[in-house]
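> Would you mind keeping the following structure in view while I ask a few things?
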Amino acid sequence: MPDPAKSAPAPKKGSKKAVTKAQKKDGKKRKRSRKESYSIYVYKVLKQVHPDTGISSKAMGIMNSFVNDIFERIAGEASRLAHYNKRSTITSREIQTAVRLLLPGELAKHAVSEGTKAVTKYTSSK
């Protein structure tokens, strides 16, 4: 049995080698599927609010699930509203109404004001 003191040192935490594409038997490279998430955006917002605070991968997974869930709820409600009004397009008005219906009180007010600010910034940058 090899002596644990003489074995190769364990790699430092955070130092991961670049993952290369998997090789098939016929020599062709297989493309790895991309996993989309909101993690970079959650991280950017976290750093704006609390610059000295980090987030674990488990917490990031929970935040990603939360954002996906809220997105689906708002999109579904906005779709329903457009259908009720015999419209085929979801506009910012449907999104705003969906947010007002889904989110409680003060949270809805803040979400609507932030959304309006984002739409104004986007239209002025065009």
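Using N, Cα and C of the backbone, Cβ positions are placed for all residues, glycine too.
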> Pick from K29, K121: which does Swiss-Prot describe as N6-lactoyllysine?
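Per Swiss-Prot, N6-lactoyllysine applies to K121.
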> So one of K28, K35 should carry the feature ubiquitin cross-link according to Swiss-Prot; which one?
K35
